[in-house]
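Everything below concerns the one structure shown next.
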Amino acid sequence: MTWFMVAVVVVVAAAGFLRWRRPVWYWLTFGVVLATVRVLVRYASVMDACGLTVPPSRWRLALARVANRPVPESRPPRILRLRPTRTGLVLRLKLRPGQDAFDVAASTDRLRHSFGMYGVTSREVRSGVVEVRMTGYDVLKQVQMPAKTDTRPMRVPVALREDGSVHYRDYRAVPHGLTLGATESGKSVYQRNLVAGLAPMDVALVGIDCKQGVELFPLARRFSALADDPDTALELLEALVSHMEEVYQLIRAEQRISVAVPDAEIAADIWDLPDDIRPVPVVVLIDEVAELALFASKDEEKRRDRIITALVRLAQLGRAAGIYLEICGQRFGSELGKGITMLRAQLTGRTAHRVNDETSANMAFGDISPDAVLAAIQIPAETRGIAIAGDSTGGWHRIRAPHTSLRQAVNTCNKYADRTPDLPALAAYRPAVAALPSARVPLSKTAPATA
Ligand SMILES: Nc1ncnc2c1ncn2[C@@H]1O[C@H](COP(=O)(O)OP(=O)(O)OP(=O)(O)O)[C@@H](O)[C@H]1O
Ligand SMILES: [Mg+2]
């Protein structure tokens, strides 16, 4: 008996310790079982307390009266499936007549307390079926991406959402993206994760980093072209515009539409072309975009106008030529001058890290969702890397990218350096990688490293 008591005490102490120090292990060992039992046992009473039950229907009341049985109880939504996951539980519910998905969404906070979970979110899967995702612990505190993700061409698993699912940056669904955030909020780490995620794919990376290249130049081995000042950036962007025009010529040459060509074979973008002639897609990563839009003299103003024009052209026409923009900056509004709001309107994918004021958040979400603006302002300063990301359906999620260090990103880029395609139009901007032997970021300006 004493041995039994000792074993119980040891197990309870181990569970407590894990819960305190290693929430992920706790969840995988004890948490998932306890939470499943708790949800199943308390389900009916919690749903009743949260107002998610419906009174018995007329025919059930009539049946009870005829059979002389007690009055039937109110019924909660039917559980279609309860699936434990790496981070929590996923409950699929069939709503009763008269209930709607909004009822469940409005009760998520009450469900969270009642089931003792860390977070609860809900979404409608199809008419009458709602999925309630619960997390057992704060998954964004220390982000661990699942080992297996659903990878497809041009779709990067870049961050974790607060409901435990993976947040993808899908360039084919959302071609251009804008990432905003105050200084030290995690924009460059997010972009670094994107580079590391894109590195193994068949894609050309082009970088413009006006912070003297400190963020992107260490990753130069995987980049087909890099620029570290506005002058080079202008030349590079104009070269990209001519690359885009060449790609369109190629698509035109391939079209040869005649009555005999089936609809499905008419090429309208690079993905419709046969594999052997398809030009490699290009992702253009721009860090500190405001540097490209600021000017102090007349000459710089002319340069700025040409840069913004090139960017607007790429944003408007680039998608079908396989050119995708990924723009990062602290603010991106009309105070940066002519053409900025026009460019912003083309950047569909919005991500906002912590911002200091409502106007900055409005630059990301003002025209999409007022809730997302509020959520972006409320991100605490000490949890860097947490961001609000809009999705293609108009909804938004709280996300956090894993903390990939510069060293890890450099190693990934070096590993896939042989996948770096040569783009003839951009050959002049290909970084001279021999000049970049290590991942150490020099204190002084890195060599421009253009050939
Ligand atoms: N996802 C994350 N998880 C944990 N820590 C993070 C994350 N993202 C950023 N950080 C921390 O925040 C610091 C600043 O991040 P980062 O350099 O990306 O900020 P930034 O928004 O690019 O700032 P700036 O505008 O000054 O360039 C990083 O050095 C890192 O310590
Ligand atoms: Mg930065």
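Cβ coordinates are placed from backbone N, Cα and C, and glycine is handled just like the others.
Caution: TrEMBL annotation is automatic and unverified by curators.
Quick look at what TrEMBL annotates:
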{"type": "BINDING", "residues": "Gly181, Ala182, Thr183, Glu184, Ser185, Gly186, Lys187, Ser188", "note": "ATP binding site"}
{"type": "DOMAIN", "residues": "163-362", "note": "domain 'FtsK'"}
{"type": "TRANSMEM", "residues": "24-41", "note": "transmembrane segment"}
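For Glu184 (ATP binding site), the Cβ neighbour count at a 10 Å cut-off comes to 11, with all displayed protein chains included. Residues from the binding-site residues list (Gly181, Ala182, Glu184, Ser188) with a C-beta closer than 6 Å to any atom of ligand 1: Gly181, Glu184, Ser188.
Those residues of the chain, other than Gly181, Ala182, Thr183, Glu184, Ser185, Gly186, Lys187, Ser188, with a C-beta within 8 angstroms of the mean position of the ATP site C-beta atoms are Gln330, His353, Arg354, Arg384. In this structure, Lys187, Ser188 are the binding-site residues from Thr183, Ser185, Gly186, Lys187, Ser188 whose C-beta falls under 6 Å of some atom of ligand 2. Ranked by Cβ neighbours within 10 A across all protein chains shown, the binding-site residues Gly181, Ala182, Ser185, Lys187, Ser188 are led by Gly181. On the 0 to 100 pLDDT scale, the domain 'FtsK' (163-362) averages 89 in this prediction. Cβ environment of Thr183 (ATP binding site): Gln330 lie under 8 Å away, each six or more residues apart in the same chain. Within 10 Å of the C-beta of Gly186 (ATP binding site) we count 24 further C-beta atoms, all protein chains included.
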